Amino acid sequence: MFDNVCSLPLSSDLFAQAIHPTEPLVAVGLSSGHVQTFRIPPSSDSGPGATKNGLGHIDTAWRTRRHKASCRCLGFGIDGQTLYSAGADGWVKAAKAETGVVNLKIAVPRLGEGTHDRIDPPTVIHAISPETIILSTDSGALHLFDLRVPPSPVSQRPQQTHHPHDDYVSSLTPLPPSETSTSGFSKQWVTTGGTTIAVTDLRRGVLVRSEDQDEELISSVYVTGLKAGGTSRGEKLVVGGASGVLTLWEKGAWDDQDERIIVDRQPDGGESLEILSLLPDSIGAGKVVAVGQSDGAVQFVQLGVNKVISKVVHDELEGIAGLGFDVGGRMISGGGSIVKVWHEAVEREGHGENEEDEQHSRKRFVMGSDDDGNDDSSVDGQKQNKKKRKKRKKGKSKDKSDGQHVMAFKGLD
């Protein structure tokens, strides 16, 4: 279904990946705390740097040591002008997507009441609107920040905080705005955490929490345009679990799952389904979900017939940490210390010489120097412990606290 056309080595393990909504830009957040943005070739042969087969040069737009610990999550703003990053150091930073220059810092609320309380590491970040971001954490909190409120030299409190889960929030998916919405932005969000899903209204709080599903729920994506009939509205939430099974949830019936699709079948349980992404309508037939697994494979599941129709391998050792599609419809997969770009496979009448020429045309691009001249950290060069994926296994004990206090911080200088 897809052919790999280039591979991009990274300096350390990938923890987060974000794809620009309108430009061929990919941002990565690394275990070292670095954030780096790449410009990939245009998907057509009319743009600068493109070649006849869609290949060209991958350039580093900017690179910096953004966080003093691992970068846990990334997200572009609605208009793509801002890149938000959140790190295990307890900071959220907003930077210009084009240059990487930071223009806003926010402290993630800590656990406890003292000045030395534990950091509550972030897990997922999303831009709700140009003025608002939503951030989830390891403790199961959901923080809403209004960026129009100028940050204080002392603290920046979230405008609202909800607690949809007792375990860490593993995914965060918006529900489509209602037909009566005047803003056009999502007000209700579905989260997965531990063994449940929850629906939270950002104005009214947690609306509903599902029954215990007896397995860890890892990832989610919302799909519209499915066949409606009977009680089905043609809209479903697709959730990836830790045992290789996708569950489908009917909109409005959030107490329990509606259907199950076995994606990875193994005698002792399948691989964890780490990340889900919906294929663009221009690719394939019907609604197809790309499923990134913990074993480095990406499987493609067609909804309706509810079966796996294709598979590619990103890496044979490291799991998938990032997966999505750029403005040109190319799939971008990330995991371990490599990012790969994939084009939709094209059926060819001939083989042999032409196919061999195409294989030789595929290139491996190596990024530039690790030297970072645009470091916004005051403790540059501090040695970081290399950390593996942030995923926790079901049943691991966690310290819980209801206290939501904000870490004080100085100005942007």
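Note that the numbers count up from 1, one per residue, in the order the chain is shown.
A Cβ is built for glycine as well, from the same backbone N, Cα and C atoms used for every other residue.
Noted in Swiss-Prot for the protein shown:
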COMPBIAS  170-183  compositional bias 'Low complexity'
COMPBIAS  369-378  compositional bias 'Acidic residues'
COMPBIAS  384-397  compositional bias 'Basic residues'
REGION    150-187  region 'Disordered'
REGION    348-413  region 'Disordered'
REPEAT    9-48  repeat 'WD 1'
REPEAT    66-105  repeat 'WD 2'
REPEAT    114-155  repeat 'WD 3'
REPEAT    218-259  repeat 'WD 4'
REPEAT    268-311  repeat 'WD 5'
REPEAT    315-352  repeat 'WD 6'
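Between the repeat 'WD 2' (66-105) and the repeat 'WD 4' (218-259) there are fewer than 3 Cβ pairs closer than 8 Å, counting only residues 6 or more apart in sequence, so the two stretches are not in contact.
Under 8 Å from some Cβ of the repeat 'WD 6' (315-352) lie the Cβ atoms of residues 1-24, 26, 28, 38, 40, 42-44, 54, 272, 274-277, 279-280, 282-283, 290, 292-298, 389, all in the same chain and six or more residues away from its ends. Residue counts for the compositional bias 'Low complexity' (170-183) under DSSP, split into helix (H, G, I), strand (E, B) and coil, are 0 helix, 5 strand, 9 coil. Each residue of the repeat 'WD 5' (268-311) gets a DSSP state, and the totals for helix, strand and coil are 0 helix, 23 strand, 21 coil.
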